[in-house]
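Peer 1: If you scroll down you'll find the structure; I have some questions about it.
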Amino acid sequence: MKLSLLCFGAVLVVAVCFQERQCAVCSMGPEIVSRDDWGAREPLLRENMTNPVPFVVIHHSYMPDACYTQEGCIEAMQWMQDLHMINNSWNDIGYSFAAGGDNRVYVGRGWSSVGAHAPGYNNRSIGICVIGDWSDRLPAESQLQAVKQLINMGIRNGFIQENYKLIGHRQARDTECPGDALYSEIQTWSHWIEDPTLDIKSSLAKEGLQPDPREIQDTPEEHNAVKRQSKAIKL
């Protein structure tokens, strides 16, 4: 009897330790690489965004492909910023953050700047790019874990609402992003929603607001450049 109780107690301790360890991993923050550390250009313009935001939008880069070293991921970040600023004439790299295969998170526009990654959501979301083409395969679990840790960090620090909604880029516009494999994966995450437009419309109506005209009119604004260019370059 005593032996059974001892065995049961040991199993219970192991189970509790495992759960605590899992929680600790989820609550840890990923290693963050600052704009200075990856050699970012200065933005042409910065527009403040109100936090906490109600949405997180997941992307893949498609090009460049996955990077697995800090040197490779820095090259990918610089390539994307050049593409967005020089080719697309945007103010900066479009994403808020990017997660590399080196399990680090690279700062794009950051927590509190309006992005250029998903029309209709740019001024109310954090856009996270998972560097690589995730059409036919998934990122490593550690890379996905870095994305989850980043989101949890945003919640803890008041940048993302606790009841945030998670969507893939293809739910905001006609695109294959974030790739079929990654999109299937994020649909299993607890905060993913199937129809974000319902939430957007009800939120705007409740606050007596109208959609940002830059996101719905055919003007040469940065946000609309996403509509015109992203189909060609598969952002």
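Glycine is treated like the rest: Cβ placed from N, Cα and C.
Please treat TrEMBL annotations as automatic predictions, because they have not gone through curation.
Per TrEMBL, signal peptide is recorded for 1-15. TrEMBL lists 30-173 with the feature domain 'Peptidoglycan recognition protein family'. TrEMBL lists 41-179 with the feature domain 'N-acetylmuramoyl-L-alanine amidase'. The region 'Disordered' annotation in TrEMBL covers 207-235. The compositional bias 'Basic and acidic residues' annotation in TrEMBL covers 212-225. The annotation compositional bias 'Basic residues' is assigned in TrEMBL to 226-235.
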Peer 1: Tell me the residue counts in helix, strand and coil for the domain 'Peptidoglycan recognition protein family' (30-173), as DSSP assigns them.
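Peer 2: Here the numbers are 41 helix, 35 strand, 68 coil.
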Peer 1: So what's the average pLDDT for the domain 'N-acetylmuramoyl-L-alanine amidase' (41-179)?
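Peer 2: Looking only at the domain 'N-acetylmuramoyl-L-alanine amidase' (41-179), pLDDT averages out to 97.
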